[in-house]
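A.B. asks: OK, TrEMBL features for this one:
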DOMAIN    D:8-134  domain 'Semialdehyde dehydrogenase NAD-binding'
ACT_SITE  D:CYS156  active site, acyl-thioester intermediate
ACT_SITE  D:HIS258  active site, proton acceptor
Number of protein chains: 4
Amino acid sequence: MTNPKEVKVGVLGATGTVGQRFIALLAHHPFFVIHALGASSRSAGKPYSKAVNWKQTQPIPSAVREMIVQECVPEQFSECAIVFSGLDADVAGDIEQAFRLAELAVFSNAKNFRRDAHVPLIVPLVNTSHFSMIPQQQRLHSPALKKGFIVTNANCSTTGVVIPLAALERAFGPIESCIITTMQAISGAGYPGVPSLDIVDNIVPYISGEEEKIEWETLKILGGVTQSDDGLKAFDMHTKQPLRISASCNRVPVIEGHTECVSVRFARRPPPSPQQVREALQAYTSEAYTIGCPSAPRHTVFVHEEPDRPQPRLDRDYQAGAGVCVGRVRQCRVLDIKFVVLANNVAIGAATSSIINAEYAVLKGIVA
Amino acid sequence: MTNPKEVKVGVLGATGTVGQRFIALLAHHPFFVIHALGASSRSAGKPYSKAVNWKQTQPIPSAVREMIVQECVPEQFSECAIVFSGLDADVAGDIEQAFRLAELAVFSNAKNFRRDAHVPLIVPLVNTSHFSMIPQQQRLHSPALKKGFIVTNANCSTTGVVIPLAALERAFGPIESCIITTMQAISGAGYPGVPSLDIVDNIVPYISGEEEKIEWETLKILGGVTQSDDGLKAFDMHTKQPLRISASCNRVPVIEGHTECVSVRFARRPPPSPQQVREALQAYTSEAYTIGCPSAPRHTVFVHEEPDRPQPRLDRDYQAGAGVCVGRVRQCRVLDIKFVVLANNVAIGAATSSIINAEYAVLKGIVA
Amino acid sequence: MTNPKEVKVGVLGATGTVGQRFIALLAHHPFFVIHALGASSRSAGKPYSKAVNWKQTQPIPSAVREMIVQECVPEQFSECAIVFSGLDADVAGDIEQAFRLAELAVFSNAKNFRRDAHVPLIVPLVNTSHFSMIPQQQRLHSPALKKGFIVTNANCSTTGVVIPLAALERAFGPIESCIITTMQAISGAGYPGVPSLDIVDNIVPYISGEEEKIEWETLKILGGVTQSDDGLKAFDMHTKQPLRISASCNRVPVIEGHTECVSVRFARRPPPSPQQVREALQAYTSEAYTIGCPSAPRHTVFVHEEPDRPQPRLDRDYQAGAGVCVGRVRQCRVLDIKFVVLANNVAIGAATSSIINAEYAVLKGIVA
Amino acid sequence: MTNPKEVKVGVLGATGTVGQRFIALLAHHPFFVIHALGASSRSAGKPYSKAVNWKQTQPIPSAVREMIVQECVPEQFSECAIVFSGLDADVAGDIEQAFRLAELAVFSNAKNFRRDAHVPLIVPLVNTSHFSMIPQQQRLHSPALKKGFIVTNANCSTTGVVIPLAALERAFGPIESCIITTMQAISGAGYPGVPSLDIVDNIVPYISGEEEKIEWETLKILGGVTQSDDGLKAFDMHTKQPLRISASCNRVPVIEGHTECVSVRFARRPPPSPQQVREALQAYTSEAYTIGCPSAPRHTVFVHEEPDRPQPRLDRDYQAGAGVCVGRVRQCRVLDIKFVVLANNVAIGAATSSIINAEYAVLKGIVA
């Protein structure tokens with residue numbers, strides 16, 4: 001598939017942590033062009049370089065340095081085909097809703113609509129098939145929306161675990177249960193986020209709301225979309241083959257990259273061997289990559305053979321953080337198989353997922 | 001029980017990480033008095049303050065500053081009633097064996113004899129009953145030993161999890177399965193131990209041999225001592241009620257204090273509620289404390305109610321690190337109950353356990 | 001000097017970082033007894049354990065757990081002989097002023113009155129002689145205050161450097177110039193303070209206002225109190241022998257303990273040798289210790305001989321952080337002598353200094 | 001200048017920290033091609049990917065994965081025009097000498113020959129003019145060498161400070177004195193290097209030999225090359241205008257990037273203003289960049305205006321770490337001007353400097 005021509009995009013929450021990452025990624029995108037930046041009224045009216053407390057390791061892209069930040073109202077984004085939302089949850093709901101109603105395609109990293117019955121929750125390396133819900137989402141409004149819709153991507157810690165689980169279900173059928181312990185990077189909490197006094201030489205064995213997100217979002221993502229006799233579609237939440245998930249979430253003194261220890265039990269008896277699991281993970285490909293999304297990684301899952309990998313500092317930037325790394329695939333004495341996943345929480349766990357979702361929507365003609 | 005008079009003790013591996021901790025703890029002990037220090041021939045003959053690269057936060061105790069370090073041969077320790085061993089595994093086997101044959105009571109933190117069929121592996125807040133194996137251990141030698149024996153304590157990560165598991169089994173009967181993910185402090189690897197380039201801003205999801213230790217040692221500690229018809233005793237490895245344990249071990253950038261996320265399934269149906277579990281953990285007392293071991297903590301298990309505790313930096317020194325802290329007791333969607341444990345790996349996870357074992361042995365008359 | 005009987009004290013800003021440290025230190029004080037706790041109206045009316053987000057490594061002292069927090073108004077503290085202030089600068093000015101007018105002796109860690117021409121800025125191991133300004137401070141009010149006054153202690157980074165400088169001036173006469181580079185712990189910024197994303201694997205070479213504090217406060221502390229013909233006293237700011245100070249302040253990923261690299265040039269030619277400097281530092285004693293202040297350290301300055309000390313993690317708790325540690329005393333090729341100082345910023349750099357100041361005032365009869 | 005055709009290069013010490021960095025940089029070089037890898041006999045004979053404990057954040061370049069590691073003997077490198085040495089000091093002396101005698105051009109990061117009277121110590125953004133010493137170095141041997149020579153680059157902490165000092169001397173004439181306090185990253189110590197127990201939540205105010213290196217190497221680099229009447233050249237060590245340097249070196253918990261606080265006094269009165277200094281630093285260009293060395297940075301010195309920059313985590317990768325960043329240029333109350341420098345110790349502080357030196361030598365025809 002050849003790349004489309006320029007597609008104008010906006011970024012909401014442009015001065016925040018996720019917004020900065022959107023901008024860093026979009027600055028060199030093959031077809032997305034940043035056209036408008038939105039932030040709070042405190043920032044609106046200022047050149048981006050004055051409004052932002054830039055915390056990325058590369059300089060502010062020259063294309064946006066002098067761009068004037070707008071308020072997050074649809075009128076300022078009317079020329080955009082797509083808006084990416086890195087808004088905080090306390091404002092994302094109303095703003096994203098307004099943008100949808102103004103016929104804008106919203107790709108959101110916020111949590112507000114993830115549990116909405118008509119908003120797909122899409123990890124682009126897993127369930128792009130859920131885009132099929134968009135027409136129904138648009139028909140809910142009266143008159144039906146023509147171009148406006150909202151698509152969300154998952155919480156960063158959900159993303160890390162759901163990719164290998166999807167690979168395993170594709171290869172070996174349903175997973176029955178899964179125990180996950182996360183060790184999550186401080187960048188997952190935004191800025192200022194975690195106070196240094198809480199995390200230097202320390203671990204915090206709790207992240208508010210995080211365990212619930214993993215346990216719930218995974219079901220929506222891995223579940224199918226069912227259609228009832230009247231033609232209405234619904235997310236089935238993996239209910240046909242119940243999947244029990246138990247998560248324990250920890251904050252650790254790591255800048256970037258969530259590490260997760262995962263044990264799974266398959267429905268299928270006997271379960272696959274560690275070697276079969278390794279091969280299935282390595283072989284897993286995403287439709288997003290297949291159809292040519294430029295930000296989709298070639299290796300959806302990179303499987304490490306060394307006993308002590310993946311490690312966040314060494315492996316989080318592999319493929320620009322767009323895939324996940326798995327290692328230590330071995331038998332579990334209680335469930336069937338256990339392994340370690342590393343996912344870059346600010347790349348595939350956040351902005352990169354939104355961007356691949358948007359690339360997919362463009363390439364598939366879902367975005368006008 | 002009143003404290004005995006002075007008991008002379010020696011420390012083997014006195015210049016190492018565990019040895020330093022032994023010395024710091026013994027310097028102010030109510031009845032143990034450091035009488036001899038042993039280390040490698042490189043250190044032997046020097047005053048302790050010259051031989052050691054002291055890494056503790058308190059100064060070298062004045063009682064040992066000028067004490068001349070000896071080679072680790074029994075002749076130099078003949079006046080000691082007890083020797084504590086903080087030796088490295090590559091030399092601990094031969095040296096501890098030689099000390100036992102020389103009729104010395106050895107309390108070892110090394111791993112070499114933990115799997116020995118006649119050497120008790122004792123976490124002093126859990127299975128002091130295993131001291132009953134000592135007479136049989138002594139009779140194996142010909143002629144039978146009179147005072148010499150070896151007692152080991154457990155690996156630091158095993159210690160953290162086995163204490164709450166013991167509390168739960170005492171209250172609710174056998175545990176059937178247990179999944180553990182550890183986040184272990186760098187001090188657990190000794191000095192120089194973990195290179196800083198491997199652990200600053202990083203996690204290493206692997207510690208050589210550690211998962212096997214947890215999975216095996218827990219069975220020996222929680223299992224009983226059985227006696228066959230001919231009077232021979234054996235450790236039953238929890239085989240009457242098989243217990244499956246699956247551990248995933250991680251190194252994290254924390255100085256001291258191992259944090260472990262634990263999920264358990266009980267044999268008993270229905271399982272206890274989180275509140276019942278909390279109460280059982282809080283109520284658990286050790287015989288070591290009951291009989292008056294001065295280093296045994298009043299709260300074997302301290303149960304935190306706050307959602308974000310225990311944390312290693314804040315909680316590792318509670319009761320001088322002699323007990324464990326548990327928090328976040330809640331239901332597990334896959335097994336029954338999950339919680340977080342914090343154990344000070346250099347206190348109850350190492351030297352403190354050896355010392356309480358020795359205190360117990362003295363108070364019970366097991367040491368002459 | 002024997003300890004006085006119980007002296008009732010209050011703590012303002014009791015829920016903050018410095019307030020918590022005051023409480024931890026006062027809980028076991030030989031004669032101060034915590035009688036009242038003050039905090040913002042958000043906390044007032046609650047038991048202390050509910051109002052505070054306790055971040056110390058020891059548990060909340062039982063004596064204050066259930067104490068009801070008060071608003072910071074003098075009426076609630078009328079039975080106190082002394083109030084310690086750990087208030088934030090944005091409120092400390094008005095509140096401390098009100099307490100002084102209500103005839104309370106205020107020992108403040110806040111910066112608001114440090115530059116006041118009648119408020120002594122006292123590092124208790126250095127310039128307790130500045131208490132002589134109190135009568136004049138009291139006479140400024142009309143009618144003159146009888147018991148109310150304010151005494152401040154210095155900024156944490158000033159404290160670290162001013163103690164060895166005082167020792168050197170006592171032994172060798174005036175210092176002419178001094179270049180200081182600090183590496184300051186995150187606890188110096190309070191809580192939440194430094195965001196972890198700013199300091200993990202990082203250094204911030206800037207702390208707002210800090211360099212000016214060191215350069216100014218040092219002059220007030222090391223300078224004398226002069227008296228003009230009309231009997232009026234004034235702080236002379238070291239003007240008789242001008243002292244030029246240049247400070248560069250950095251934040252580093254250390255929990256506690258400010259490390260400072262210091263180079264000095266003496267007026268005296270030839271300057272003292274490194275060995276003479278070492279001896280003078282070691283020999284330096286404080287009047288606070290001499291007259292028996294229980295929190296004053298025996299070693300005002302502990303001089304390390306090892307080449308790689310002091311280190312914050314190993315040395316910050318020496319003497320409960322009440323003195324300072326100096327190491328690496330050697331010649332400077334540009335000025336005369338250079339060395340490294342370590343001062344515990346939350347002990348001698350904050351609460352401990354206030355407490356020793358108050359102890360001194362009680363023992364000297366300055367507090368009624 | 002157009003790039004030359006392929007130049008075959010070898011890397012000595014290829015499995016070490018510096019060697020890995022050489023390989024990562026050379027893998028995508030416009031004209032250098034890695035032809036041979038040398039390491040100790042323990043590694044020799046193995047494919048590189050088996051011999052190395054690879055610790056870089058990018059994967060092993062495919063071009064060297066299967067390359068067989070050689071012993072460090074000249075015969076194995078005879079087809080190379082250049083060898084880069086990342087050898088440890090304990091072996092670098094003999095090996096580099098043997099390679100020179102075998103007519104190989106050696107660009108060394110090791111310290112062994114830095115003080116040699118005929119070996120240039122070249123920071124490529126500063127003193128490429130010192131290449132003029134090469135012919136004399138070659139004539140010392142009998143018969144004179146035709147192609148073999150040794151060029152060294154400076155210690156990582158020297159490099160950071162010498163670049164801005166060179167810029168200042170070029171603009172304002174001689175500097176008279178300079179006080180430097182460094183905060184050096186752990187990667188500067190190689191691998192395993194600094195034990196994590198020494199540096200997590202800590203600072204070590206000492207690095208063996210480092211202060212002497214800064215104080216001595218700076219003089220050689222900033223000094224000129226003089227020629228006596230008999231035509232013999234010599235490094236003048238800045239003796240015509242004596243420069244006094246005083247360095248204090250600290251190890252801090254930062255992965256990469258040395259931060260240095262620098263105060264300078266100029267000979268010239270009045271000294272330049274901070275603004276003049278900023279402009280001079282920003283304007284400074286290197287001959288290496290001017291003649292087209294592909295690894296030389298466009299901004300030799302990037303001057304930050306923000307008060308809190310440069311910071312190692314945010315700024316160390318600017319221009320791939322090939323330049324230095326300076327910030328906080330302001331007046332010093334003791335000397336004249338003070339500022340903060342950040343230099344990437346593993347890039348411009350090590351391998352990148354060697355590579356630019358070699359690029360320069362190739363472009364200038366110094367290497368055959």
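Any Cβ shown, glycine's included, is placed from N, Cα and C.
All annotation found in TrEMBL is predicted automatically rather than curated by experts.
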A.B. asks: What is the separation, in Å, between the Cα atoms of D:HIS258 (active site, proton acceptor) and D:CYS156 (active site, acyl-thioester intermediate)?
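C.D. replies: About 8 Å separate the Cα atoms of these two residues.
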A.B. asks: Mind tallying the domain 'Semialdehyde dehydrogenase NAD-binding' (D:8-134) by DSSP state, helix then strand then coil?
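C.D. replies: The domain 'Semialdehyde dehydrogenase NAD-binding' (D:8-134) comes out at 42 helix, 26 strand, 59 coil.
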A.B. asks: Could you tell me the mean pLDDT over the domain 'Semialdehyde dehydrogenase NAD-binding' (D:8-134), as a whole number?
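C.D. replies: Here the mean pLDDT over the domain 'Semialdehyde dehydrogenase NAD-binding' (D:8-134) amounts to 97.
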A.B. asks: Counting Cβ atoms within 10 Å of each candidate's own Cβ, which of the active-site residues D:CYS156, D:HIS258 comes out highest?
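C.D. replies: Per the Cβ count, the most surrounded site is D:HIS258.
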A.B. asks: Three states by DSSP: which one describes the residue listed as 'active site, acyl-thioester intermediate'?
C.D. replies: helix
